[in-house]
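Enquirer: Got a structure for you, questions after.
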Amino acid sequence: MASKSFKASRSNLSSTSDVPDAHNRPPLPPQVTFARRTSSGRYISYSRDDLDSELGSSDFMNYTVHIPPTPDNQPMDPSISQKVEEQYVSNSLFTGGFNSVTRAHLMDKVIESEASHPQMAGAKGSSCAIPGCDAKVMSDERGVDILPCECDFKICRDCYIDAVKTGGGICPGCKEAYKNTDLDEIAVDNNARPLPLPPPTGMSKMERRLSLMKSTKSALMRSQTGDFDHNRWLFETKGTYGYGNAIWPKEGGFGNGKDDEAAEPTELMSKPWRPLTRKLKIPAAVLSPYSYADEYLNIPCICVARLLIFVRMVVLGLFLAWRVKHQNNDAIWLWGMSVVCEIWFAFSWLLDQLPKLCPVNRSTDLNVLKEKFETPTPNNPTGKSDLPGIDVFVSTADPEKEPPLVTANTILSILAADYPVEKLACYVSDDGGALLTFEAMAEAASFANIWVPFCRKHVIEPRNPESYFNLKRDPYKNKVKPDFVKDRRRVKREYDEFKVRINSLPDSIRRRSDAYHAREEIKAMKLQRQNREDEPIESVKIPKATWMADGTHWPGTWLNPGPEHSKGDHAGIIQVMLKPPSDEPLNGTADDTRLIDLTDVDIRLPLLVYVSREKRPGYDHNKKAGAMNALVRASAIMSNGPFILNLDCDHYIYNSQAMREGMCFMMDRGGDRLCYVQFPQRFEGIDPSDRYANHNTVFFDVNMRALDGLQGPVYVGTGCLFRRIALYGFDPPRSKEHHPGCCSCCFGRRKKHVSVATTLEENRALRMGDSDDEEFNLSLLPKRFGNSTFLIDSIPVAEFQGRPLADHPAIKNGRPSGALTIPRELLDASTVAEAISVISCWYEDKTEWGQRVGWIYGSVTEDVVTGYRMHNRGWKSVYCVTKRDAFRGTAPINLTDRLHQVLRWATGSVEIFFSRNNALLASPRMKLLQRIAYLNVGIYPFTSIFLIVYCFLPALSLFSGQFIVQTLNVTFLTYLLIITVTLCMLAVLEIKWSGIELEEWWRNEQFWLIGGTSAHLAAVLQGLLKVVAGIEISFTLTSKSAGDDMDDEFADLYVVKWTSLMIPPITIMMINLIAIAVGFSRTIYSVIPQWSRLLGGVFFSFWVLAHLYPFAKGLMGRRGRTPTIVFVWSGLIAITISLLWVAINPPSGTNQIGGSFQFP
């Protein structure tokens, strides 16, 4: 196979895009070198230094063929040549990086097993019959060979071109002239359906993507190359490409307006407009106190719940004033500590409660979505989906802590999602560069050939095979097709074999690598003997590499790390596991060779890409945030979906229509101002009692719904549908018109009346500026996004494709119907080569990636910071709670793992507080209550300081015989009663309208104290060390693997793993238990017992111990496996019982217990 060098040839948005890179060297051109291993074991490569083994150089041949198109040498027809090119791309492993050539290694196979689906990399196909050539025969979407001659002689693309151009058009098989050299007609003959033709060649790629945006008569519309010049069109014509009026074609279109006005389609204006989403009032029967926030979410309504908050605020103020005035002169130190803690608790409660003033519920209408985007219209006569594309990101880093089987199930649930196949793309980020993850993803792509059509045929839910086959309910319920039982049994058997293959991959890779390494050593020894005939033979040391299934070196991390093959030092890798599907549905046929009957079932699979970004020593790779930004850039070049859904590797799609639900918000009126749609996190594998509040229902069902009534929920790291343009750091459309002011959430907002000139200025596209006066300059894009013209060209395309449908006059920033029904662009090698360059370790140097663009760096909780930056620019977000959970994942049920998880979150919050992302520094575009919510995110870990002091106060009170007040008088008890009752009433109301259980609320309260006295305190100390001393804290991944006991689903719950975070809670419990015993003893034996002080101290001690009960239970472990800590507890309990016995049965000579024993 001849190697090829590909150069980019795309239209540029900026004339200054070719800036030098960070090391003052011009960027390398996107060149691709093909290197493939033939059946005879030879490599045919562009250069000898990229071979996996340099032994036996005589076996290699190197040559390059450059055939520029000339009038007498035209390339083959684009429609088929591009598809064959795409097939080559999907069978190639692309590698490259800093200061290196991008190479595309053609792989005969990706996994040991056979790949049968025609979209999959390394799919089995016929070989070329030309002697000396073992390339694959051209094939169509079904994998059927395209044979240009009637004799059915099998020939590959390159040999066919040689036969037509230089061989006189003679078939090498039958020696007859080809009757037809138009491969489009050959495709028609072989498949009874023509392959889709590309748009006219006179149109640029940008114009093809924006198909309905017609050019005007101005000569400025085209550049010297003939491509559509968006720079000139945007600023030198009357075009309104961007925020504002919908763009409707005037020339030969369906205009119904005046010459200078944008027209709207008649058939849409005549229809009654229906919204895609609704805000729902909280039912009065469930919660009458809570009022419903109106459309603008800022109309204040006096209701009982808000009245309760107001009453509690007043009582808290009066109580604190009373506490300050009435000192305890007998124990001024005890009084002082308690008052300071109580003031902080009141402030913390206020920060938590104020953002809950406007809770809302929302619902979607999927029928309206289907009617608007997938129903035949005059602009879309075939009813082809007009929905925008979605790129799904799945991130993983360590196959040991994140099992490949879990990641593979997540991938399968994505590939089987109920969304247009041609609009869906899945990108897997393997930040560890492990061959185990690579081959597991290839196995998942192979199994998807069976699983995805099975899900579509029988409407399976959930579409994660592991979860589906482990369902406790009847799997045959509501299944009407007669062959369902047979199909399910066969697919279940295939899945069991799939699991065996996945679980055996580590041993398989190790055995394979050992075998190849032994072969290389033998070959090296033979070569040494030939070169040194009479000299003694020395032992040959060859680096022990990790080998792929096709017998070549793995370019990523090796099992035995070596130079340029370790976790922090390896090349960038991109492998198209499943090439992009055809534009039209591809239904299965009644084929006896298939496992199940797929007649009339679409067998296409979405695009699946494996990505491992380049890592080199000396570069800060910024952990998960850096990996996500690499995916943003690579996906923008390869598929450029205007929306991005990011999922953790252990969070799978539980509701196959979740993406459609999220799209209802993005495509509804005002949806162009939404930066993301956040879905709640739901978890599986949690113990029934939820000992450590892993479900976190108070946060996801109370706090997040309350924030939805403000500017939107915070971003929580997974299960979030982003608008790509918002991730790029652009401002929302109509940002001046919607300038809310800091108090707009509390008082009515007056809509600004703006002039026509101001409206045109505000409706410009892609505004990026922290101030309203900053002008958007296209020449600055390379400095912000890097020097990839491919990436810069994709930005306005993503903005246009992400607009709502302009089917209503109120939708100002819409797009015409049918604009997204055009076929996608085919993948070519230059595109993937550019994707390799943008995931290199140097690409982000001297750019704004991680500072303003993409996921934000500088915090271990990059998710909260990223969402904060978007809200700070004026974007809104929405919380989408679906009837059926959208996504489900796993959470650590082990106490130690849970504490470390909370520690990571709290440390990120402390980092946010001491950074420029502090909500106190927010812009005026962020609403006041939203700012308070973000302020609480940064402040809540500091509550641990006061919480620990307050937990020791009862013990100190019992030890000293004093209390926080002089006496338990009526005033103190009345204040305490009102505060407690109002708090309980507010909790009950939250429980009712959110739908959570009382037990869940109580578990949350318990773990709030457990985390506050352990992980939060450590987070504050670590944060202060980082700010003051600059000491960075490293965190490990939360393990997603189960416990060792496979018979017990919750075996990990009982594992006791010691950590220093346990010291403060254990100390609190021990001191409070001892203090209770000492207090009882002192009071009983005192001449004048102070029972009021004893009861006050004992009551608060029991309050502390009740909250720490789950922690104490976790220390006990499992019955029969008693850890050492239990003996310590036994000793403490024995001492306590002994003291109580002495108090009850005093020594001889004492006739009375504590004088006169009576209650106060």
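Placement of Cβ uses the backbone N, Cα and C atoms for every residue, glycine included.
Just so you know, TrEMBL annotations are computer predictions that nobody has curated.
For reference, TrEMBL lists these features for the protein:
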- Asp431: active site (ACT_SITE)
- Asp863: active site (ACT_SITE)
- Ser395, Lys401, Glu402, Asp431, Lys623: UDP-alpha-D-glucose binding site (BINDING)
- Lys624, Asp648: Mn(2+) binding site (BINDING)
- 1-18: compositional bias 'Polar residues' (COMPBIAS)
- 296-320: transmembrane segment (TRANSMEM)
- 332-351: transmembrane segment (TRANSMEM)
- 933-956: transmembrane segment (TRANSMEM)
- 968-988: transmembrane segment (TRANSMEM)
- 1008-1031: transmembrane segment (TRANSMEM)
- 1066-1088: transmembrane segment (TRANSMEM)
- 1094-1112: transmembrane segment (TRANSMEM)
- 1124-1144: transmembrane segment (TRANSMEM)
Enquirer: By Cβ distance under 8 Å, which residues at least 6 away from the ends of the transmembrane segment (332-351) in the same chain are close to it?
Expert: 313, 316, 319-320, 323-324, 932, 935-936, 939-940, 943, 946-947, 949-950, 953, 956-957, 960, 962-965
Enquirer: If you count every Cβ pair below 8 Å, which range out of 968-988, 1008-1031, 1066-1088 shares the most with the transmembrane segment (933-956)?
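Expert: When the Cβ pairs under 8 Å are tallied, 1008-1031 comes out ahead.
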Enquirer: Hey, of the binding-site residues listed (Lys401, Lys624), which one tops the CB count within 10 A?
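Expert: Per the Cβ count within 10 Å, the most buried is Lys624.
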Enquirer: For the transmembrane segment (968-988), what are the same-chain contacts with Cβ under 8 Å, counting residues 6+ beyond its ends?
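Expert: Sequence-distant neighbours of the transmembrane segment (968-988): 305, 308-309, 311-312, 315-316, 318-319, 322, 353, 1001, 1092-1093, 1095-1096, 1160.
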Enquirer: Only counting partners 6 or more residues apart, tell me which same-chain residues put their Cβ under 8 Å from the Cβ of Asp863 (active site).
Expert: Val714, Tyr715, Val716, Gly717, Trp855
Enquirer: Please find, for Ser395, Lys401, Glu402, Asp431, Lys623 as listed binding UDP-alpha-D-glucose, the greatest distance between any two Cα atoms, in Å.
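Expert: Greatest Cα separation within the listed binding residues comes to 16 Å.
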Enquirer: Between C-alpha atoms, which of these recorded positions comes nearest to Asp648 (Mn(2+) binding site): Ser395, Lys401, Glu402, Asp431, Lys623?
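Expert: For Asp648 (Mn(2+) binding site), the spatially nearest of the recorded positions is Ser395.
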Enquirer: Taking only the Cα atoms, work out how far Glu402 (UDP-alpha-D-glucose binding site) lies from Lys624 (Mn(2+) binding site), in Å, as a whole number.
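Expert: With distance taken Cα to Cα, Lys624 (Mn(2+) binding site) is 14 Å from Glu402 (UDP-alpha-D-glucose binding site).
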